[in-house]
Amino acid sequence: MSAATEYDVIVIGAGTVGENVADRAAQGGMRTVIVEAELVGGECSYWACIPSKTLLRSAAALRAAQRVGGAREAVTGPLDVAAVLRRRDYMTSDWTDDGQVKWLDGAGIDLVRGWATVSGPREVTVTGPDGATTVLTARHAVAVCTGSAAVLPDIPGLRDSEPWTSRDATSVQRVPVSLAILGGGTVGTEMATAYAGFGTEVHLIARSGLLGGAEPFAGERVTAGLKELGAHVHLGVTTESVERTDDDGFRIRLGDGSVVETDELLVATGRLPRTSGLGLEAFGLEDGGWLTVDDSMRVLDAAGEPVDGGWLYAAGDVNHRALLTHQGKYQARAAGDAIAARAKGREVSLAPWGAFVATADHQAVPQVTFTEPEVASVGLTAAAADKAGYRIRVVDYPIGSVSGAYVLADDYDGMARMVVDEDRGVVLGATFVGQDVGELLHSATIAIVGEVPLQRLWHAVPSYPTVSEVWLRLLETYGRPAE
Ligand SMILES: Cc1cc2nc3c(=O)[nH]c(=O)nc-3n(C[C@H](O)[C@H](O)[C@H](O)COP(=O)(O)OP(=O)(O)OC[C@H]3O[C@@H](n4cnc5c(N)ncnc54)[C@H](O)[C@@H]3O)c2cc1C
Ligand SMILES: NC(=O)c1ccc[n+]([C@@H]2O[C@H](COP(=O)([O-])OP(=O)(O)OC[C@H]3O[C@@H](n4cnc5c(N)ncnc54)[C@H](O)[C@@H]3O)[C@@H](O)[C@H]2O)c1
């Protein structure tokens with residue numbers, strides 16, 4: 001750690017996003033310090049993407065082998081859950097951050113450990129683990145990258161019962177015999193898939209269908225997939241109350257009169273911003289609120305103007321634009337570059353698709369949900385495009401009818417949807433549901449971000465026999481546009 005207290009840039013929060021803001025700023029010649037209260041690497045590395053995907057991967061690989069004749073006969077044993085947990089421990093470096101600290105060092109970024117507050121314009125006070133405080137000042141910018149935490153909704157008895165949040169579910173050391181999950185979003189459906197794969201009796205409780213923001217067929221197929229794995233899926237039900245049982249389990253009373261009793265309860269009902277107690281109310285911002293930003297990630301006040309002349313930035317979950325690691329990293333690259341450019345007196349244009357803006361946040365956010373089956377989507381759903389006033393045509397194609405899918409798995413079952421903007425002849429959105437569709441998604445992201453005309457997409461020839469031939473089938477189903 002350096003003894004310096006004056007920097008060009010101070011980044012609060014060393015999650016994936018903060019690390020990337022700091023890296024881009026440092027690469028732009030800015031003297032940069034990052035402040036972290038817990039582990040360098042943040043949620044994604046230790047309690048979110050990496051451990052959750054690792055917990056899911058082994059059972060997905062096993063199911064994939066079981067779907068291929070010849071491999072199926074060779075794979076006869078059950079999942080080795082203890083080995084899965086050991087692999088997860090390895091992937092999280094046993095919740096130590098030495099590797100990431102080394103990376104910061106190599107990138108020329110100073111680290112101060114402790115809890116940061118914004119104590120004045122361009123000033124951050126850090127309270128270290130020993131209670132000592134350090135005051136840091138920034139010549140150019142302070143970037144808030146403090147992420148988000150799990151919401152516990154106001155359900156009688158819920159908070160007092162001390163349920164699991166995603167942190168407990170992803171760092172589990174002893175898999176419970178039974179698990180109820182409240183919330184049918186991404187965390188809920190992924191953890192239901194993971195724990196059902198472990199052999200846990202899973203009850204997934206959702207107040208509507210699953211994966212609400214996605215194309216409806218995605219949630220329907222994931223519901224069917226989870227049931228096939230043996231999970232109980234309770235759809236369209238409210239949760240009336242939660243209490244602990246005498247044997248330290250949970251009793252959950254649902255609105256339809258049924259009662260679910262399980263060893264553990266995971267609450268996966270969304271996120272809230274980690275902005276409480278940061279001192280931002282001194283700048284007219286709501287304590288504990290999401291931070292609204294412009295496309296270069298400068299925090300905006302209620303009037304839509306950069307706060308206090310524009311030295312305060314916010315990237316990642318905390319700005320609520322897209323709660324995804326890759327999108328937060330994209331924002332971080334824009335913010336870090338914009339900070340360095342402004343510091344050098346360069347013009348920073350906020351026009352779409354420039355070097356300093358995160359335009360894709362508005363219309364081309366890709367997301368893969370690693371459920372059974374996998375859901376991969378980017379851009380607008382048909383409903384969202386319709387609502388936004390586009391004149392659209394929706395093209396669906398069953399992925400199982402593509403030769404590549406025949407080869408990939410016996411009885412491959414999947415669905416693809418392409419949403420076309422009829423006025424411009426370009427793709428607005430795409431959704432793929434099925435085994436291993438995540439790797440298909442980037443082709444759709446490129447088509448959408450590049451606004452590639454459908455007529456030209458006919459010349460992007462998918463290799464045979466791969467699942468990407470679904471693109472050809474989607475285009476053929478749409479029909480070749482006239483010259
Ligand atoms: C279970 C789960 C699975 C997920 N899976 C995926 C996935 O597969 N793919 C994907 O793209 N996204 C996934 N996400 C979302 C992803 O984890 C987040 O979008 C991402 O971690 C946000 O990064 P961040 O840097 O903004 O915040 P964080 O990673 O939360 O980092 C913020 C950091 O700031 C620190 N901090 C907070 N306040 C202070 C303070 N006052 N002073 C000092 N330090 C502070 C925190 O300790 C933390 O280290 C998942 C989320 C969950 C919950
Ligand atoms: N693979 C991935 O990309 C991935 C995986 C996990 C999480 N994430 C990210 O993490 C974020 C958080 O995930 P999440 O699942 O917590 O949030 P979410 O917004 O995806 O889902 C929350 C769900 O909880 C439901 N809900 C809210 N209040 C409820 C209540 N009182 N009772 C019952 N249901 C209730 C909502 O209707 C919604 O379906 C997401 O925004 C997502 O972007 C991404």
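Positions of Cβ are set from backbone N, Cα and C atoms, glycine also.
What TrEMBL records for 7-326 is domain 'FAD/NAD(P)-binding'.
According to TrEMBL, the disulfide bond annotation covers CYS44-CYS49. All chains included, 22 other C-beta atoms sit within 10 angstroms of the C-beta of CYS44 (disulfide bond).
The FAD binding site annotation in TrEMBL covers LYS53, THR146, GLY147, SER148, ASP317. In the shown protein chains, 18 other C-beta atoms lie within 10 A of the C-beta of LYS53 (FAD binding site).
Every protein chain shown contributes to the tally, and the Cβ of VAL187 (NAD(+) binding site) ends up with 24 other Cβ atoms within 10 Å. Secondary structure at VAL187 (NAD(+) binding site), as computed by DSSP, is helix. Taken from TrEMBL, the feature NAD(+) binding site covers GLY183, GLY184, GLY185, THR186, VAL187, GLY188, THR189, GLU190, GLY270.
Among the features that TrEMBL reports, domain 'Pyridine nucleotide-disulphide oxidoreductase dimerisation' is placed at 365-471.
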Exercise. Considering all pairs of residues in LYS53, THR146, GLY147, SER148, ASP317, annotated in the record as contacting FAD, what is the maximal C-alpha distance expressed in whole angstrom?
Worked result: 22
Seminar exercise, completed: Within 10 Å, the Cβ with the most other Cβ atoms among the binding-site residues THR146, SER148, THR189 is that of THR189
Exercise. Over all shown protein chains, what is the count of other CB atoms within 10 A of the CB belonging to GLY270 (NAD(+) binding site)?
Worked result: 15
Seminar exercise, completed: Filtered by Cβ distance under 6 Å to ligand 1, the recorded positions CYS44, CYS49, THR146, GLY183 reduce to CYS44, CYS49, THR146
Problem set entry | Sparsest Cβ surroundings (other CB atoms within 10 Å) among the binding-site residues GLY147, GLY183, GLY185 | GLY185
For this session: Work through the binding-site residues one by one (GLY147, SER148, GLY183, VAL187, ASP317) and name whichever has its CA nearest to the CA of CYS49 (disulfide bond).
Result: VAL187
Seminar exercise, completed: Expressed in Å to no decimal places, the gap between the Cα atoms of CYS44 (disulfide bond) and VAL187 (NAD(+) binding site) is 13
Seminar exercise, completed: Among the recorded positions CYS44, CYS49, LYS53, THR146, SER148, THR189, the ones with a Cβ under 6 Å from any atom of ligand 2 are none
